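What Swiss-Prot says about this one:
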type	residues	note
BINDING	Tyr36, Tyr168, Gln172	L-tyrosine binding site
MOTIF	41-50	motif ''HIGH' region'
MOTIF	230-234	motif ''KMSKS' region'
BINDING	Lys233	ATP binding site
DOMAIN	352-419	domain 'S4 RNA-binding'
Amino acid sequence: MQKNIIDELTWRDAINQQTDADGLRELTEKKSISLYCGVDPTGDSMHIGHLIPFMMMKRFQLAGHHPYIVIGGGTGSIGDPSGRKSERQLQTMEMVQHNVEALSGQMKRLFGEDANVSMVNNYDWLSKISLLDFLRDYGKLFNINTMLAKDVVASRLDVGISFTEFTYQILQSVDFMHLYKAHDVQLQIGGADQWGNITSGIDMIHKIEGSETEVYGLTIPLMLKADGTKFGKTAGGAIWLDPEKTTPYEFYQFWLNQDDRDVVKYLKYFTFLDEAEINELAKTVETAPEKREAQRRLAEEVTRFVHGQAELEGAQKITEVLFSGDIKALDVKEAEQAFQKAPTVEITAEKKNIVDFLVDAGIESSKRQAREDVQNGAITINGDRLRETTLEIDPSENFEGKFVIVRRGKKKYFLARVK
């Protein structure tokens, strides 16, 4: 028997707070509901931190409920103060619109073009509210003392908060009200820092529609790694869903390298594997951690969900090739993914003696050092270890003549591009 969606989320430890646990469980058992989660277009790509609430939305979708994804073209032009220590820099409306289109495309890839999901932009209704209507119809329902007590505002009082950001919780409440009246949306989902905004919306709906109105709020836990640091950030920055910002190979590697202490939690949050499968993988973490079976399955599932089967297979191939050293097995696209972070140097297309090639590219500082490294076996060209200083390098032989991959020593790679 299939679990109720609330029970499913509970065993996955995916719920932080909810306004009425029993009421929401009962509602989701007796009918298919509509629910929503919003994302403001502060950039042109989501990162993996955004995946957490939207994985929850996907679970509701698979359980037969109807998610509404709200792209905040209106609220994004104002700026959400949640989780911020300082005022956001306002974006131009052109930039907001560009980001709206980019995020909408990502959402369609995650949820499917024809699936039981709706994409809406809150600019469509917020932009139609005049200032006088906003103050009379909505502002009158909000008590300043209550607003000041919300964590999102209280945490900013010492450094200051603009009236613009102060009113953000009202705008988010208007979103919930609009979606409830227009589409019978009864549940809002958000991150842990959205609790105050979500409860403000519920309070407003109760004031307008009556206290018995069945609307609910649910937040996800703040995601921290076992070492106490914030999930989703690396030394190189955020892990993006856009393959142009974070390649599928880098994305796959991020999940593959997760700590044993975190991997079971992430399997619950970020995959659709059932309880029995996750429990089996949890056992392997205890009995054979060196095999990293749980990490490999996590990387496979999340990369497939975000980037698709073909990109997953490409990431796996790159991983295997870099381990074996058979670099020529990669095609041009795969090689560029694999060595995207390697230093890039420029070379010409003509054949050159290996010593001259290394010095002219700036990989070696002198011909003497180049000869020494070649003779000692410290140089590989496109995966081949070369020891003869008389050899010639022909850039046209591999990778469509676009580049040569050079390794000096055990780990130092260079991407030598033909100019």
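Quick reminder: no glycine exception, Cβ is built from N, Cα and C everywhere.
Keep in mind that what you see is a predicted model, and the values were worked out from it rather than measured.
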Local Cβ density at Tyr168 (L-tyrosine binding site) - other Cβ atoms counted within 10 Å: 23
Tally of DSSP helical, extended and coil residues in the domain 'S4 RNA-binding' (352-419): 22 helix, 22 strand, 24 coil
Chain-internal residues near Tyr36 (L-tyrosine binding site), provided their CB is under 8 angstroms and they sit 6+ positions away: Pro67, Tyr68, Ile69, Val70, Asp175, Phe176, Leu179, Val185, Leu187, Gln188, Ile189
Largest CA-to-CA spread of L-tyrosine binders Tyr36, Tyr168, Gln172, angstrom: 17
Residue counts (helix, strand, coil, in that order) that DSSP gives for the motif ''HIGH' region' (41-50): 3 helix, 1 strand, 6 coil
